Amino acid sequence: MKKILVIGDLIADYYLWGKSERLSPEAPVPVLEVKKESKNLGGAANVANNLTSLKAKVFLCGVVGDDLEGKHFISTLKTRGIDTSGVLIDKTRCTTLKTRIIAQNQQIVRVDKEIKDPLNADLRKNLLDFIAEKIQEIDGVILSDYNKGVLDFELTQTIITLANKHHKLILCDPKGKDYSKYSHASLITPNRAELEQALHLKLDSHANLSKALQILQETYHIAMPLVTLSEQGIAFLEKGELVNCPTIAKEVYDVTGAGDTVIASLTLSLLESKSLKEACEFANAAAAVVVGKMGSALASLEEIALILNQTHPKILPLEKLLETLERNQQKIVFTNGCFDILHKGHASYLQKAKALGDILVVGLNSDNSIKRLKGDKRPIVSEKDRAFLLASLSCVDYVVVFGEDTPIKLIQALKPDILVKGADYLNKEVIGSELAKETRLIEFEEGYSTSAIIEKIKRTHND
């Protein structure tokens, strides 16, 4: 599990949902009949919440006011499993609160309550002391700047310098016109309008996009410059050349918090040793999930996997798979594995499993799961490609990706008629066997294994 330190402006997002069908007799304004209220984590806290949804360990650093909103905010963070030891209380300010009023699923007005004053000397010292204490423990840092007073120029540069000194990845979601504030960061994530404003350059052509990113790289020493382009995806530089990672088409309901989702998913992907292109693809998929929901929504790993793997109808998230299986009464067979470098032994095993029932469901370990189980050099083949290859086999009916170390949650949900494992589990505990009607062990075809294939490639390469 990656450990990420998120620093920035903490915002409470408050939503009033209802319907508006008449005007007030007091003034020509609509009257909202409130049907529902909700309070969400916003700003840097939404970044932290997104990371938690993606199974990261998060330490959050920022300030709230000494008020009811601040107390509720900290309580919500703790409920989400976010470490709040770096959340400081500022008695001189209110907790930043954005109230959105929504009628018939359309936002009609937003009311902001905030104080943007810089932090006082004591709070700055306490904040920096916390960061210095955590910097060696964490894997990466995110600065989420909403221009609410926490991340001024001096503090931002101090944090970036500290992160670089300890060789930590540091990403910044920028605000304002002066990007020297973020110089020497690993990556920044401005949108088109923000970058145009900062550089006084219209990003209306391939040439200008490339020029803008080169300025970020050469003038501000940003190692991985990129710009988010809404429906046009994400553009970045790779070896001096402009690369566009297209967005994933999906109906847009609400873009609130999409930028937070992008920087959270980019950070996690890069920390998992993904290339910048792979990280952008992952971020685009995560953004596609959240813009399809109302409010500061979250994307789960399962939802992102569905978006990334939607090229094959057999690849489903667990919720969708359960809905599909409810419609039939056939005998369900379940097995699971990494299936890294799919080979004849795998295919033979799956054919035998399918012969035991009507529907064969394969639980597939995610990339992160495999790294935890087998080390950082695995998997060889990405989960997207492994899922597609499995789904392409006629004996496999459905593939569901899981991010845990074991498939117990899948088995609990599916309650298969037959649970299948390899014969190497003879006299060993088969996880979830008590939840299936029957457990069967199948012999593997001799002479086939991923490890053997890898060793053969190594020998051939060395020869």
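Note: Cβ is positioned from N, Cα and C throughout, glycine not excepted.
Feature list (source: Swiss-Prot):
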type	residues	note
REGION	1-315	region 'Ribokinase'
BINDING	ASN191, ARG192, ALA193, GLU194	ATP binding site
ACT_SITE	ASP260	active site
REGION	334-463	region 'Cytidylyltransferase'
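Overlay of Swiss-Prot annotations on the structure.
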{"residue": "ASN191", "record": "ATP binding site", "Cβ contacts under 8 Å, 6 or more apart": "VAL227, THR228, LEU229, SER230, GLY259"}
{"residue": "ARG192", "record": "ATP binding site", "Cβ contacts under 8 Å, 6 or more apart": "LEU203, VAL227, THR228, LEU229, SER230"}
{"residue": "ALA193", "record": "ATP binding site", "Cβ contacts under 8 Å, 6 or more apart": "none"}
{"residue": "GLU194", "record": "ATP binding site", "Cβ contacts under 8 Å, 6 or more apart": "PRO174, LYS175"}
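Close to the recorded ATP site, the chain also has PRO190, LEU195, GLU196, GLN197, VAL227, THR228: residues not among ASN191, ARG192, ALA193, GLU194 whose Cβ is within 8 Å of the site's Cβ mean position. Helix, strand and coil counts under DSSP for the region 'Cytidylyltransferase' (334-463) come to 54 helix, 26 strand, 50 coil.
On the 0 to 100 pLDDT scale, the region 'Cytidylyltransferase' (334-463) averages 90 in the predicted structure. For the recorded site, GLU194 (ATP binding site), the DSSP three-state label reads helix.
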